[in-house]
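Trainee: First the structure, then my questions, so here it is.
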Amino acid sequence: MSGPRAGFYRQELNKTVWEVPQRLQGLRPVGSGAYGSVCSAYDARLRQKVAVKKLSRPFQSLIHARRTYRELRLLKHLKHENVIGLLDVFTPATSIEDFSEVYLVTTLMGADLNNIVKCQALSDEHVQFLVYQLLRGLKYIHSAGIIHRDLKPSNVAVNEDCELRILDFGLARQADEEMTGYVATRWYRAPEIMLNWMHYNQTVDIWSVGCIMAELLQGKALFPGSDYIDQLKRIMEVVGTPSPEVLAKISSEHARTYIQSLPPMPQKDLSSIFRGANPLAIDLLGRMLVLDSDQRVSAAEALAHAYFSQYHDPEDEPEAEPYDESVEAKERTLEEWKELTYQEVLSFKPPEPPKPPGSLEIEQ
């Protein structure tokens, strides 16, 4: 094995060799998942702490290669304060022939909403600020034509100033794509995805926001189902059984027959579940946790709800450029995905590092 690339160094962490630029110092493992492992580090160029994700076997198969390309392109496309941003992407390879590793550098966030809910009871002001930011990020993502599909507390990062960013777009898919059944952690999953009822739309993410908001308000999950059937039962105990109009929209005959076999349940008054909560919070929840996805509020509509009157500013809730999915919708070979990914790595322009304090702008 030859030595590290010029300007890079190697370090073994959790039985994995990392090869990173010398400006990334003090690598410390912070977690790992199916798609890669993450270290925190100090970036001497950006003068800030960052998260470095090493993708695991990015080109192991056609599916891996397409997912790698997609994740990189999505991260490059999305630039918003409430969405995790790409600070850098690199590979130790110096040619396409050696290209087998991809590292993504993003903002380091301290905690996720899971940690926050476990550690402290949140005030109504906290909940307002967190859910406002979540919806602000979601409005931006949705305006690009992207559905996240996997929103849950562990995918929502928060720093010590209560600033929030949405993470993990590995599973996000374009809005007009054929939809399949198995993606998010079940408790936060909209019923139409969970049971493969019908083609779904961006409001699946709004259902997830409703579940997250409910958890922030009461300190525990709203629908902690033990399996699909239990999950559906818990949902219907709160929102009631679907009306004939909603049933008619369910394309799965199996799901329709099953729901019709259940005893009818009335919709519960949410204020009886969230005792003492701000009535505006309860009103907003009631607009998000709606079985009929056509009747759920959009992210943009939710931002204008009176619950966020302290924060809502239509001039400061930006939208994204549309995301062009045609490139990744095509059938390609593994080598072609790899080549496209390599081009995306090479064409990335990192953000400008901060100017040292006291430095003067010099006119060229």
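Here the Cβ of each residue, glycine as well, is placed from N, Cα and C on the backbone.
Computed from a predicted structure; not experimentally measured.
Annotations per Swiss-Prot:
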type     : residues                                                             : note
DOMAIN   : 24-308                                                               : domain 'Protein kinase'
BINDING  : VAL30, GLY31, SER32, GLY33, ALA34, TYR35, GLY36, SER37, VAL38, LYS53 : ATP binding site
BINDING  : GLU71                                                                : nilotinib binding site
MOD_RES  : THR180                                                               : phosphothreonine
MOD_RES  : TYR182                                                               : phosphotyrosine
COMPBIAS : 314-326                                                              : compositional bias 'Acidic residues'
MOD_RES  : TYR323                                                               : phosphotyrosine
Trainee: Can you tell which of GLY36, TYR323 has the least company, meaning the fewest other C-beta atoms within 10 angstroms of its C-beta, among these recorded positions?
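Mentor: Among the recorded positions GLY36, TYR323, the sparsest Cβ neighbourhood within 10 Å belongs to TYR323.
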Trainee: Per 10 Å Cβ neighbour count, which of the binding-site residues VAL30, VAL38 ranks highest?
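Mentor: Ranked by Cβ atoms within 10 Å, first place goes to VAL38.
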Trainee: Just checking, which of SER32, GLU71 (binding-site residues) has the fewest C-beta atoms within 10 Å of its C-beta?
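Mentor: Across SER32, GLU71, these binding-site residues, the one with fewest Cβ atoms within 10 Å is SER32.
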Trainee: What does DSSP assign TYR323 (phosphotyrosine), in three states?
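Mentor: The residue in question, TYR323 (phosphotyrosine), is coil (DSSP, three-state).
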Trainee: Looking at the binding-site residues VAL30, GLY36, VAL38, which has the shortest Cα distance to GLU71 (nilotinib binding site)?
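Mentor: The answer is GLY36.
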Trainee: Expressed to the nearest Å, what is the distance separating SER32 (ATP binding site) and TYR323 (phosphotyrosine) at their Cα atoms?
Mentor: 28
Trainee: Measuring Cα to Cα, how far is TYR323 (phosphotyrosine) from GLY36 (ATP binding site) in Å?
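Mentor: Given the Cα positions, TYR323 (phosphotyrosine) is 25 Å from GLY36 (ATP binding site).
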